[in-house]
Amino acid sequence: MQTDSVQVSPFDLASSLLNVKLTDVLNMSEELTMSPAMKMLVENRDILTLFTTTVAVLIGCVVVLVWRRSFTKKSVTNEVETMKIVVPKKEIKHEEVDDGKKRVTILYGTQTGTAEGFAKAFLEEAKVRYEKALFKAIDLDDYAADDEEYEEKFKKESLAFFFLATYGDGEPTDNAARFYKWFTEGDDKGEWLKKLQYGVFGLGNRQYEHFNKIAVVVDDKLAEQGAKRLVSVGLGDDDQCMEDDFTAWKELVWPQLDQLLRDEDDMSVATPYTAAVLEYRVVYHDKPDSSAEDHSHTNGHAVPDAQHPIRSNVAFKKELHTPESDRSCTHLEFDIANTGLSYETGDHVGVYCENLSEVVDEAVRLVGLPADTYFSVHADNEDGTPIGGASLPPPFPPCTLRDALARYADVLSSPKKSALLGLAAHASDPAEAERLKFLASPAGKDEYAQWIVASQRSLLEVMEAFPSAKPPLGVFFAAISPRLQPRYYSISSSPKMVENKIHVTCALVYEKTPVGRIHKGVCSTWMKDAVPMTESQVYSWAPIFVRTSNFRLPSDPKVPVIMIGPGTGLAPFRGFLQERLSLKEAGTELGSSVLFFGCRNRKVDFIYEDELNNFVKTGALSELVVAFSREGPTKEYVQHKLTQKASDIWNLLTEGAYLYVCGDAKGMAKDVHRTLHTIVQEQGSLDSSKAELYVKNLQMSGRYLRDVW
């Protein structure tokens, strides 16, 4: 029997829809050839509507499901990529979960890495002593992105320790400058840190006027703002043995932390802690891998800095002393054209130099491996887990042993006690090992102070005295030899006069140590021996960077300036005067200026004499006053000339003059400061306390600036 009904499956319907546009279906003419399924859809539009709606919903569900899976995968990928960042500027906040554990934050301000080393050593020992607490060590610059975040985070801290180095003339280190400015110069917040308990350890040198200023100021400010001081501020003195100062301070800290971090029923006695000798994982290579060569001096960073210096060629060099001199002073010019480097008058340049070849030869002999040994150092295990906690210095690029000893190893400084323990651990002679351990022990404190510190014995001399100590390369570079640091110089030029050059004025360091060794300054010797581009196709170059300074001329050129800089202390003032000459030539009105310069003898070491006279002749400098210490029957220094010009100096100060001092911090700068105090007291008819306040106000207002070392 025949029937008019047609049996249509769901697949037939779907096929018809997929092969024909919906608009075409709704407008099809009966004359067109249609499949049975299509005819049914056209004749039953209600079915068509229901079916298409169902299909649309199904397609929508599929799209949403695919999108969510894609988004989830992308989020996971982004999270993994974020974790790959080597040095994140902002802390990952997954530690904010309240798990009931007590947290201790360790913050450090470091210039050469010493404060960071102490902070991380403190962290490692504390982790062993207090296993139930969570410790983290953070660079002060990485702790917060801005002032608001500093405040937000400090409000949450309950226990913190600060390791703060004082740099230059009582200044914070580069990575602590932003924190220090916020914490000491901000609005008075009252006692807003009552929740915080803290300790501070400072790193400084007692020979300098502002000994440990940064640590002392931060310690006082914390207490003023309500925080509870756990122990007195530790005053580490690099002029003696800072490690002993650190140890003594820690012995005051542990009893306090015992009360805070140990359980009440914990009556156990802490096991004596012995720090592990740090060691890199070392991989030896048959030959240099060109893909692993050090390209750091091509930089690749937008702004060169201490971690990312830029290669700069030596463009020009000349000796500034006359042949009659028994000393040396080098004028050297770095070519910074097309390097991305720029600077302002008064800035500093940091220069990375290599150890002298004779020093490297001696170091290679004492290490006991071939100079062409090619290797790389790693701060992680083969499976990627970190080695030695948080204390290992950052690895340097793969290179030969000779290059590593030349570029990265400070082998001429006196070894720290931790280095002696590293040598002892790898001394095959038991007597030598015991002797090294004794020197590093509390019992050997006096002998260490005499045999190493006072005698200025270098690491190489100590290794020579203990020939059986042959540490492996991983130990030598991680625990024994400190990293060679950049040398900083006041730039002696102005970009307004020499845009593509950085000028440096450097006195040669050449002196005999108490044990008779001739010590040659690493960077000053390199500069003296440098070969400029104008003299050879094989010329000298160095990785350099610019460090911003607050040593600036007044923004108003009409403000008077007083400059005091004997010897190489003249360097930044040469830049000042170049800038003033440039302004003068452009028609700018200048305020009066006086320069106090000092040297031994006009015929021997009167550096830049012709230039200084020209500055006077052109009006860039109003008056040049020179003190010669070896010409007359009596020695005359810049402070004596200041006294002779006391009335003029006072008049300039009352007119709003800026006063600048550059040079030796331990001697000259102290003498000039005392002389200035006397001038203010006598010329201003003030008592001693008011004169001291006047000078302090000059400093606070930025009118008395010092660039001293």
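Placement of Cβ uses the backbone N, Cα and C atoms for every residue, glycine included.
Annotation comment: Swiss-Prot describes ASN27 as N-linked glycosylation site.
Per Swiss-Prot, the feature transmembrane segment maps to 47-67.
The compositional bias 'Basic and acidic residues' feature in Swiss-Prot is assigned to 288-297.
The region 'Disordered' annotation in Swiss-Prot covers 288-308.
Taking a C-beta cut-off of under 8 angstroms and a sequence separation of 6 or more, GLN639 (NADP(+) binding site) has the following same-chain neighbours: MET668, ASP671, VAL672, ARG674, THR675. Under the heading NADP(+) binding site, Swiss-Prot lists ARG327, THR568, SER629, ARG630, LYS635, GLU636, TYR637, VAL638, GLN639, ASP671, citing sequence analysis as support.
Annotated FAD binding site per Swiss-Prot: ARG487, TYR488, TYR489, SER490, THR505, CYS506, ALA507, GLY521, VAL522, CYS523, SER524, TRP709, in sequence order, evidence recorded as sequence analysis. Of all the Cβ atoms in the protein chains shown, 25 others lie within 10 Å of the Cβ of THR505 (FAD binding site).
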Taking all protein chains shown into account, the Cβ-based neighbour count within 10 Å for ARG487 (FAD binding site) is 20
How big is the Cα-to-Cα gap, in Å, between TYR489 (FAD binding site) and ARG327 (NADP(+) binding site)? 19
For SER629 (NADP(+) binding site), just count the other CB atoms lying within 10 A of its CB, please. 17
Give me the count of other Cβ atoms within 10 A of the Cβ belonging to VAL522 (FAD binding site). 23
What is the total of other Cβ atoms whose distance to the Cβ of ARG327 (NADP(+) binding site) is within 10 Å? 12
Considering Cα atoms only, can you say which of ARG327, SER629, LYS635 is the nearest neighbour of ARG487 (FAD binding site) among these binding-site residues? ARG327
I'd like the Cβ neighbour count for ALA507 (FAD binding site), meaning other Cβ atoms within 10 Å of its Cβ, all protein chains included. 19
Listed binding-site residues SER629, LYS635, TYR637; those within 10 A of ALA507 (FAD binding site), CA to CA, turn out to be none
Residue from ARG327, SER629, LYS635, TYR637 whose C-alpha is spatially nearest that of SER524 (FAD binding site), among the binding-site residues: ARG327
